[in-house]
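To start, the structure itself, in structure tokens.
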Amino acid sequence: SVSSIVPESCLLIVVGLLVGGLIKGVGEKPPILKSDIFFLFLLPPIILDAGYFLPLRPFTENLGTILIFAVVGTLWNAFFLGGLMYAVCQLGGPGLNHIGLLANLLFGSIISAVDPVAVLAVFEEIHINELLHILVFGESLLNDAVTVVLYHLFEEFASFEQVTILDIILGFLSFFVVSLGGVLVGVIYGLIAAFTSRFTSHIRVIEPLFVFLYSYMAYLSAELFHLSGIMALIAAGVVMRPYVEANISHKSHTTIKYFLKMWSSVSETLIFIFLGVSTVAGHHYWNWTFVISTLFFCLIARVLGVLVLTWFINKFRIVKLTPKDQFIIAYGGLRGAIAFSLGYLLDYEHFSMRDMFLTAIITVIFFTVFVQGMTIRPLVDLLAVKKKQETKRSINEEIHTQFLDHLLTGIEDICGHYGHHHWKDKLNRFNKKYVKKCLIAGERSKEPQLIAFYHKMEMKQAIELVESGGIGKIPSAVSTVSIQNINPQTLPLERVLPALSKDKEEEIRKILRTNLQKTRQRLRSYNRHTLVADPYEEAWNQMLLRRQKARQLEQKMNNYLTVPAHRVDSPTMSRARIGSDPLAYEPKEDSENLPIITIDPASPQSPESVDLMSEEPKGCSGLPPSPEEDEEGLVMRVKEPSSPGTDDVFTPGASDSPSNQRMLRCLSDPGPRPEPEEGEPFIPKGQ
């Protein structure tokens, strides 16, 4: 009932105070938390546990915000607090006048950093939402580089007779060396651990040992060169985890998980107990002005830093940090054992006021852990801050997450914007193409992320089924993969589905790879002046033009052919016209194009009985014109008599075909023409 109100870290400090008082009461000297023990043995397990199981997606999505809080916020706290404490020391009387600016800046750098151990202890109990948790916890992890640089910088400057501008510039550059150097050391050891785990398939027992060994080596190597050991541990854990988990067995994965949790929990317990014991056992020098000013200015610096930085960050964030979020971030800036251990490391020779610094540090730690740690849960409930939703990830969620990643990557491609989705996709492609093949053994190096996630979920489901004792009655929701994981059996010889050969599987995968998930084929940015011409566009235009011309021609022909024909003159009238002007109808060289008039001599004695039957140009019948017909010009051809038994009216002749009828109409009426003037022949000579 007590632990539901008071955080566990507060109870452990109380236990340490009681144990320290009991040891001192019996006349013994209580043990003090030495800095070497803290930094070499107690701190690494907590940081490794945090780095190995770091929620990578929210961490990378909010990395910019975390870095601004960790770097700029810590620098602001250190210099703001150090400058104000120097002013307090100058105005505080004879007991504080001897404390110089460098000593106050060193004190500010020690007390300004948020402690990851205290944040983990408090925030995991109140189940705050993932965004706020990763912002505060990420800040507490990454501000270690700033703290280490400022601490060693001011400690070195304290031994100098004069600090030059060159020293300040070198100190500023050392920040990048310490932070990036720590990350580089961690990445190198993480890759070595992943490569080593590729060859441990025959000795599964020692697989967890490599994870702990290489992580601790990364931490020691970074501390050896005064680099950031915490950032080296985080980088090693983040880099090695995906490859190590793909290589090691499930039992080894369970061993790593529970051993890290147990180890970090034991270290956390010992740290807070030793804080209580050291409070009783240590030498203290209490100065009201210095201690109260430190506590007050710590709170003011934290609140001002969060408000100003959030105002700046919200200009670039899509999901803005609300005033409630800002309050929780400012209120969650807890101090812990790292500040106490750094204060304990101070040398009496250069810092004679070390006991007063330690007293002020312990006061700030107790205030933040007890007062802020105990009241943050009621404040979260009072402000109705969103809490963490305990939901299991599903295949559906994973599919939609990957889909949105590909979609946003494509949108960034089209816009030509190089955002974090662009670089994330580049890194994933490089990882899939080169790194996985070197660090993951067997076929799992080619396994898609979705399939790997499915196998992990199936294994987890199978283990839960075994632990619940429900193997006898397997529900329908459990797939056959789970049962195979529970009771591995050899496959029967005859399977329902035929097994695919390796070549066939590779061929199918190649087809899918070439046709699916082509999310990034780098092309030029969109520009209407550099568009590639479509090779079929010209052909389509030509085809459309031809169709349009054909349609217009057909429409003209229809209009042309539907003009009513003039009444055809009788043969007698035709002979009369010819007789009236025989010179107009002289034979021409191209008389083959002249029409032939065929008459039906129904009664040779009666010229009026002549009827026009067919009229077509010579040569249209397919026969070459004779010389006699050339000289005659217009030729009267006698229609052959019909055979007996045929009907002249209803039996179509050769000239009654549709094409001949159309030709008749064309020749009878060649379209609208100007009326012939008087004296002009019926058929002009030029035609």
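Even glycines carry a Cβ here, placed using N, Cα and C.
Where the annotation comes from TrEMBL, it is an automatic prediction and has not been curated.
TrEMBL lists 6-25 (among others) with the feature transmembrane segment. Sequence-remote contacts of a segment are chain residues at least 6 beyond its ends whose Cβ falls under 8 Å from one of its Cβ atoms, and for the transmembrane segment (6-25) they are 118, 121-122, 125, 268-269, 272-281, 366, 369-370, 373-374.
Annotated domain 'Cation/H+ exchanger transmembrane' per TrEMBL: 6-380, in sequence order.
Remote same-chain residues near the transmembrane segment (37-54) are listed as 116-117, 120, 137, 141, 211-212, 215-216, 219-220, 223, 229-230, 233-238, 240-241, 256-257, 260-261, 263-264, 266-268, 270-271, 274, 337-338, 341 (criterion: CB distance under 8 Å, separation of at least six residues from the stretch ends). The transmembrane segment annotation in TrEMBL covers 37-54 (among others).
Under the heading transmembrane segment, TrEMBL lists 66-89 (among others).
Annotated transmembrane segment per TrEMBL: 101-122 (among others), in sequence order.
Marked as transmembrane segment by TrEMBL: 134-154 (among others).
Residues or ranges marked as transmembrane segment in TrEMBL: 166-196 (among others).
The transmembrane segment annotation in TrEMBL covers 216-239 (among others). Below 8 angstroms of C-beta separation, residues 39-40, 43-44, 47-48, 50-54, 56, 116, 141-142, 144-145, 148, 152, 177-179, 181-191, 193-194 of the same chain, each at least six residues beyond the ends of the transmembrane segment (216-239), sit close to that stretch.
The transmembrane segment annotation in TrEMBL covers 260-282 (among others). Sequence-distant contacts of the transmembrane segment (260-282), counting only residues of its own chain at least 6 positions beyond either end whose CB sits under 8 Å from a CB of the stretch, comprise 9, 12-21, 23-24, 29-33, 38, 41-43, 45-46, 48-50, 52-53, 117, 120-121, 336-337, 340, 344, 355, 358, 362, 365-366.
Feature annotation from TrEMBL assigns transmembrane segment to 288-314 (among others).
What TrEMBL lists as transmembrane segment is 326-345 (among others).
The transmembrane segment annotation in TrEMBL covers 357-380 (among others). Beyond the ends of the transmembrane segment (357-380), by six or more residues, the same chain brings 5-7, 9-10, 13, 107, 110-111, 118, 121-122, 125-126, 128, 275, 279, 282-287, 290-291, 294-295, 298, 327-328, 331-337, 339-340, 343-344, 346, 351, 387 to within a C-beta distance below 8 angstroms of the stretch.
Summarising the annotation, TrEMBL assigns domain 'Sodium/hydrogen exchanger regulatory region' to 477-562.
TrEMBL lists 502-529 with the feature coiled coil.
What TrEMBL records for 583-687 is region 'Disordered'.
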## Note on the structure
Most Cβ pairs under 8 Å to the transmembrane segment (326-345), of 66-89, 134-154, 166-196, goes to 134-154
### Message
Same chain only, please: residues at least 6 beyond the ends of the transmembrane segment (101-122) with a C-beta under 8 Å from a C-beta of the stretch. Say none if there are none.
### Response
7-9, 43, 46-47, 50, 74, 77-83, 85-86, 89, 136-137, 139-141, 143-144, 146-147, 150-151, 154-155, 157-158, 230, 268, 271-272, 294, 298, 301, 332-339, 342-343, 346, 351, 353, 357, 360-361, 364-365, 368-369, 373, 376
